[in-house]
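A.B. asks: Quick one: the structure is below, and I'll ask about it shortly.
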């Protein structure tokens, strides 16, 4: 649901405008199906490694390590450092996503308050983000807050769709051959549809992880529907507003109360979705520290202190 009408969907009209009204939907659909296959393959490989080792669960980091150590000899050296490599890349990925969330919210607050720069918006939102991170310590709490954000997202999206059909005036291009524009489209779609860290956190928390990987399971249905929806929304947004330089919120009329209400709803909703993207990163930091020396693991008090310290540091880094 976060993918269906979250922050990423706001960039789909821009992505379609970069690729063209014919090539854009083709790329969105193809990449969406590829991302679904990628997530299913990753979970299947981790489940297969767990089955062969006769253990209930193995993390992505150590699954990667074991897979490479059982592969060709040339990959063994990479496999030895596998957990740290995966941790760094996953942490940077989540930091990038959270940074985009901060940019979305600061730009929205700047538009509502009519500030000239984003600096006052960042300072205004820093305390709420720290407040959310302090209290969102378990996946169950994070999921409830994110669900509330999803409903606000849905309300904002309805207002955007209303403006799409209110007065369409776009000048469309059928296809684009600019390589940089196409790479931008790929990056936008990956940001919107790919959520490896969140999927892995959910897989770890579920009592029956097989509900994710069934032929018509939660992962397949939960990503196929957003793929179709975001494709249609991207085409309609481009058809209505034409070529744009930023996300679809910047194409709305700022003198319209409903448009400003939509921006305000997305501002609050994206802020509520922020903790669910921080959760995998904080969990990964704690897990890395916990398993750094398996023979001499840190105490629970030390892990709690590291977690409490990592949360504000992560928020500050994403805002910087």
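From the backbone N, Cα and C atoms, a Cβ is placed for every residue, glycine too.
Please treat TrEMBL annotations as automatic predictions, because they have not gone through curation.
As listed in TrEMBL for this protein:
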- 3-318: domain 'Amino acid transporter transmembrane' (DOMAIN)
- 84-105: transmembrane segment (TRANSMEM)
- 117-136: transmembrane segment (TRANSMEM)
- 148-165: transmembrane segment (TRANSMEM)
- 171-200: transmembrane segment (TRANSMEM)
- 221-241: transmembrane segment (TRANSMEM)
- 257-276: transmembrane segment (TRANSMEM)
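For the listed features, I'd like the structural context: burial, neighbours, distances.
C.D. replies: Sequence-distant neighbours of the transmembrane segment (84-105) (same chain, 6+ residues past either end, Cβ-Cβ under 8 Å): 7, 10, 60-61, 64, 78, 118, 121-122, 125, 129, 191, 196-197, 247, 266-267, 270-271, 273-274, 277-278, 280-281, 284-285, 288, 314-315, 317-319.
Below 8 angstroms of C-beta separation, residues 1-2, 4-6, 9, 233, 236-237, 239-241, 248-249, 252-253, 256, 258-259, 261-263, 265-266, 268-273 of the same chain, each at least six residues beyond the ends of the transmembrane segment (148-165), sit close to that stretch.
Residues 2-3, 6, 8-9, 11-12, 14-24, 27-28, 31-32, 35, 38-39, 42-43, 59-60, 90, 93-94, 97, 100, 212, 219, 223, 226-227, 230, 238-239, 242-243, 276-277, 279-281, 284 of the same chain, all 6+ positions outside the transmembrane segment (171-200), place their C-beta atoms under 8 angstroms from a C-beta of that stretch.
Under 8 Å from some Cβ of the transmembrane segment (221-241) lie the Cβ atoms of residues 1, 3-5, 8-9, 12-13, 15-17, 21, 24-25, 28-29, 32-33, 35-36, 39, 157, 160-161, 163-165, 167-170, 172, 189, 192-193, 248, 251, all in the same chain and six or more residues away from its ends.
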